[in-house]
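What TrEMBL records for this protein:
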BINDING   B:26-33, B:Gly81, B:137-152  GTP binding site
BINDING   B:Thr33, B:Thr59  Mg(2+) binding site
Amino acid sequence: MEAIREGERQAPAPPTGPRSALARARATRPEQTGATTAAPEEKRPNSLWLDAWNDPMAGAPAYSPCVTSADLAGDGEWRLVVATADKKLKTWNGTTLASEHTLLEVPVGIAAFYAEDHNNPASMKAPSLAVAAGCYVYIYRNLRPFYKFTVPNQTVDAAETVTWERLRDGAIAPVEAFETLSELRDQGAKLTSRSLDLLAIEEGEDVQARRDAFAYGNAPEPLTQQTSVTCVGTIKKRSDDAASPDCVYFGTESGQLYVLHSSGTAVRSVFQLPAAPAFVASTGVLEVDYRIVVACRDGKAYTIKNDEMSGVVVEFESQPVGLCLGGKSMIVGCMNDVVHAYTVRGRKEHSIYMPSNILAMEELVIDRARTSRCLIVALGNDELRVYNGKCLVSTCAMSDRVRGMRFGRVGREDNALALTTRGGSVRVKIMPRSAKLEGSSRAGPPAEQDIPLAVPKKTKLYVEQTQRERLNAIDMHRVFQRDLMRLRYETGKAYLKVMKDGTGPSSSGQDGVNIRLNATIQGLGPLFRLNVELKNCGEKPVMEIPVLVQSSEVYKIPKPIHRCPVLLPGYTYKIEVMIHCVDPNGGADDVHVYVCRAEGGRPHVNAIVKMPMSEFADEPR
Amino acid sequence: MGFFARLFGLSKKKTKARDVNVLIVGLDNSGKTSIIEKMKLQTGGSRRRAQGANEVTPTVGFNVDTFSKGGVAFTVFDMSGAGRYRNLWEQHYREAKAVMFVVDSADKLRLCVAKDELDAMLSSRDLRGKPFLFFANKARPPSHWSPYDRMDVPAALSPVDIAQGLSLDEIDQHPWQIVPSNALTGTGLQEGADWLTNFLAK
């Protein structure tokens, strides 16, 4: 007879969340910023990276577009440049903070470029810095502010301009202006932010007064529409040499892509895109053959090829979170944790499914005997992965969430990866000369196929058994069938008995009553709570049901009998019974739950709850 | 018999002259060529080029220099430290009797790269048991050794920091010594060369 154990201990699980958070906090505890370089937790025997430097107190919260490195002094020592989210432009020479400038606005991206200045040829020896922030591109030369490029104003709808002019001249009242602008908006005209602000005043008691104040306050100013920069990049102008002049290009909120002249002070060309660019990357040389790929906020990537919008449009499954353009392929990381690689003509090459969300992506190019191109991906599970094509080359655990990454020359080291993390720390990892970037190419069948299965040897016993089975096949089958039938019969008999005795999880339903009982235990002791759930699975309501909870002397039950006045079909009723363990040793015993009949006799259903071991009482009694 | 006598004679003569090959390696811009140029000046040897030690250009491939010091005739293979030439170093491991490893004290960032290259050297069979002399080059006087970076003074590591960073205390297969040096002023070079000479003269 099988005992029905309905009780199940539901003690609260140990709090894993806070504990692991604590462990992480311990792992990111600031270490000394001095010479000892390698953090032991990140050192692995086969790691691809050397830990060159880690400054947890650098105070450089920045995303990838705001991290770069450049030979700012022209001495071959490349400075690490970070435009931080707290409006600072910081440069490091080696591991020393070399300069710090305050920015006027929060930067969206920086780029180092060799400006062409015919009046001042000496200025071409060291690169300038372009810092995009708000609606400006600030150009720093020798780390001194040199020029502020203002993004040209947008064209304003003529009808809108007229409306504001008439409002200014007093020809129309703010109410009429509001209606005109509202109509314009409904017709699909692109309104300026001023008009949109006015149209947005639509709630509150003194709506009309606020609208009037806003309209009269702003009307005297000429109507302009500014846009802001969303991303920035550089492209070589004439030749591929490292120190030849570059042109800066940047995308704007209103969906344009501006390419500036190499002086960085005038617009060379403008392209209108269907949506606001989010990421931009380029290959080639501007005056020879080039390609700029723009991943936009509409989840598509557009290509500009040799001063023309190309017909190649790649649509992603999800919003892009990173874009790399390396060699002949375009690599896009998407919000659904997938990295897609496309050819420049828009044909998909492969997809890599990541185990966690993509935080940052960066291309890794190493010029050795032959050029290796890999992809570095920082993931939300604190991993730093390197992919060669679609082969995973290395995985490196980080102790903090990565925010920005930049691979390139830092200091005098060509193959360095500069990282900024969520906590504002800066670290530099260096790829050693001996690093192997060739992923294990897995063409053809998987390696597991060549491993032979562990088939046991044919022993003498096995051979004899087979022989016997072959000779007495019919008898064996009959014996098996007979035993199977008997097992089924016994099971059925036992089930019937359970149903009759009312000891099953649900009552039999002989008298049209079918009640399902579920009992669970909560608590660690000595005080437990027994949750009894009753459900009437029959069709008729059942009245006046006493529920009895009974136990040995180990437990004290203050209120052992509960009365359910009515059980409606289909509803789940909950009864809470407090059980106090009075055993000084904290022993455990079974607790019986009976759902009885009002008229007495056999219970409808009962259950035995196996109680967990109890904790000792706090105060001695 | 005469042949053998001649052979012995020659070998005796050779031991008197103590002609040794020394390999000098280190990352680019650590000052290997400057150290050799200064050592040659100190020993009164002929200078390879008509320029001072201040104006060396990055070595391409490697240079071979000879000078004698303390009764030992050094033939120094001055290897280029640039990344693309570092694979040439191992070509000279077999014939080298000793290694001078130069570390740039001011280049804190690339100390791990130096350690990586050093570890590769130490695991080489051809260099087993050969002495290593480390120059903590571009050193400044001990009063300047400070764990804190100052924005006006370029950061520099003390020889202790470098020995720690390179895990020199874990080297048990090689005799080694670390010497703070400055190739421009010539400090420490004599001390290092003396250690090497004593070792090789044994």
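Here the Cβ of each residue, glycine as well, is placed from N, Cα and C on the backbone.
Predicted automatically and left uncurated, TrEMBL annotations should be read as such.
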CB within-chain contacts under 8 A for B:Ser30 (GTP binding site), separation at least 6: B:Gly81, B:Val102, B:Val103, B:Asp104, B:Asp107, B:Ala114, B:Asn137, B:Lys138
Position of peak Cβ density within 10 Å, selected from the binding-site residues B:Thr33, B:Thr59: B:Thr33
Mapped DSSP class for B:Gly26 (GTP binding site), helix or strand or coil: strand
Close in space, distant in sequence - B:Gly26 (GTP binding site), Cβ under 8 Å, 6 or more apart: B:Lys32, B:Gly81, B:Phe101, B:Val102, B:Val103, B:Asp104, B:Ala114, B:Phe135, B:Asn137
Cα-to-Cα gap, B:Thr59 (Mg(2+) binding site) vs B:Arg140 (GTP binding site), nearest whole Å: 25
Position of peak Cβ density within 10 Å, selected from the binding-site residues B:Gly81, B:Arg140: B:Gly81
Secondary structure at B:Arg140 (GTP binding site), reduced by DSSP to three states: coil
